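Per Swiss-Prot, these features apply:
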- 367-382: compositional bias 'Polar residues' (COMPBIAS)
- 358-382: region 'Disordered' (REGION)
- 1-40: topological domain 'Cytoplasmic' (TOPO_DOM)
- 62-71: topological domain 'Lumenal' (TOPO_DOM)
- 93-110: topological domain 'Cytoplasmic' (TOPO_DOM)
- 128-134: topological domain 'Lumenal' (TOPO_DOM)
- 152-160: topological domain 'Cytoplasmic' (TOPO_DOM)
- 183-200: topological domain 'Lumenal' (TOPO_DOM)
- 222-233: topological domain 'Cytoplasmic' (TOPO_DOM)
- 255-274: topological domain 'Lumenal' (TOPO_DOM)
- 296-303: topological domain 'Cytoplasmic' (TOPO_DOM)
- 349-382: topological domain 'Cytoplasmic' (TOPO_DOM)
- 41-61: transmembrane segment (TRANSMEM)
- 72-92: transmembrane segment (TRANSMEM)
- 111-127: transmembrane segment (TRANSMEM)
- 135-151: transmembrane segment (TRANSMEM)
- 161-182: transmembrane segment (TRANSMEM)
- 201-221: transmembrane segment (TRANSMEM)
- 234-254: transmembrane segment (TRANSMEM)
- 275-295: transmembrane segment (TRANSMEM)
- 304-324: transmembrane segment (TRANSMEM)
- 328-348: transmembrane segment (TRANSMEM)
Amino acid sequence: MADDKKTNEYTIEMDKLDHGNKDFEAPAPAVRPRGPPVAQLANNPILPVLAYCGSSILMTVMNKYVLSGRDFNLNFFLLCVQSIVCIVAIQTCKVSKLITYRDFNSDEAKKWFPITLLLIGMIYTGSKALQYLSIPVYTIFKNLTIILIAYGEVLWFGGSVTGLTLFSFGLMVLSSIIAAWADIKHAVESSGDATAKVSTLNAGYIWMLINCLCTSSYVLGMRKRIKLTNFKDFDTMFYNNLLSIPVLLVLTFLMEDWSSANIARNFPSTDRNGILFAMILSGLSSVFISYTSAWCVRVTSSTTYSMVGALNKLPIALSGLIFFDAPVTFPSVSAIVVGFISGIVYAVAKIKQSAKPKTGVLPMSNPPVSASSQSMRDSLRS
């Protein structure tokens, strides 16, 4: 009986089938569920590229807006606010499981502290240069840092420079010469005190030279130190900003004027909210740059990211012409175009080098630590 009951459980009762349906077709294949719209949007290559470019432009424009105030002289305070905002932002992202990075370790902090000092020198001199120079000129002159880094790697890491890379360096130098000539020519020919304008430009060029030296020292030192700590993208950002906060606080209170009169000059009542908002937004933009560049590499490729980084110089330079009173002359536009072409040639040279086997040729993309370490350096240079 038990066996009959089991058999009956698996018996197909044919009389319950639909005899009117003579076509026994195979069932249609199951349709794979499509990913959610948000996931499809996140994997669209256009979105991360636009987000990366927008973040770079945002950071440069916000910094220039704050620094272009007529009497602004609290540069260390600006950098301290940016570091605090950055730490709060990435810690919030870590708690939200958007990013991951190491917890604080005192031994790692001691190893990394010299790099943080180089970073402070780099961002401070960069802020001073941007204060005196227009965004297009500042962007063009930042290309010279690439040359110093390249030959620093030749000296200390046993690399070499290819012919195409050398050609791009020549274009970078040429664009810088044209930009400086255009700036000085405009200052001399424009109305007002030409001597004061030229002296302001000269101060900007001196700060720019110091910034190029500090930036190359920071990048080369970071490459060597990363080998000891094995830091990833946001590890570097976390330690850089966390360790720089106490140093910047000491420097701003010791070296900058915190009298009520100077605070009123730096933060006039009519623009106070706008300046503070720009400070916060510039700090957030450095996080945006690192996140969007890693996103760009993940969705596209490192080759595409290299080209985007080169092409991004043009909209950053143009933002100075659009949002600020940078002179629009034939020499200044020519300098932007030549600098733009030099960036493309340099990116192509990097791509060709990465496609070849490693035979002692200088890795012009700098240390291939991770997908967005280069992007973080770009954010600091912007």
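Glycine residues also receive a Cβ, built from the backbone N, Cα and C atoms like all the rest.
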(request) Looking only at the topological domain 'Lumenal' (62-71), report the model's average pLDDT. (result) 85
(message) Quick test of the contact rule: Cβ under 8 Å, at least six residues beyond the ends. What residues does that give for the transmembrane segment (41-61)?
(response) 130, 135, 139, 281-282, 285-286, 288-289, 292-293, 295-296, 298-300, 304, 308, 312, 315-316, 319-320, 323, 375, 378-379, 382
(request) May I ask whether the transmembrane segment (275-295) has at least three C-beta pairs under 8 Å with the transmembrane segment (72-92), counting pairs 6 or more apart in sequence? (result) yes
(request) Establish whether the number of Cβ pairs under 8 Å between the transmembrane segment (135-151) and the transmembrane segment (234-254) reaches at least three, counting only pairs separated by 6 or more residues. (result) no
(message) Taking contact to mean 3 or more CB pairs closer than 8 A (sequence separation of 6 or more), are the transmembrane segment (328-348) and the transmembrane segment (161-182) in contact?
(response) yes
(request) Count the residues of the topological domain 'Lumenal' (128-134) that DSSP assigns to helix (H, G, I), to strand (E, B) and to coil, and report the three numbers in that order. (result) 5 helix, 0 strand, 2 coil
(message) Counting only residues 6 or more past its boundaries, what in the same chain has a CB within less than 8 Å of a CB in the topological domain 'Lumenal' (255-274)?
(response) 65, 69, 71-77
(message) With a cut-off of 8 Å between Cβ atoms, can you find at least three pairs linking the transmembrane segment (111-127) to the transmembrane segment (234-254)? Only pairs 6 or more residues apart in sequence count.
(response) yes
(request) Summarise the topological domain 'Lumenal' (183-200) by DSSP state, stating how many residues are helix, strand and coil. (result) 14 helix, 0 strand, 4 coil
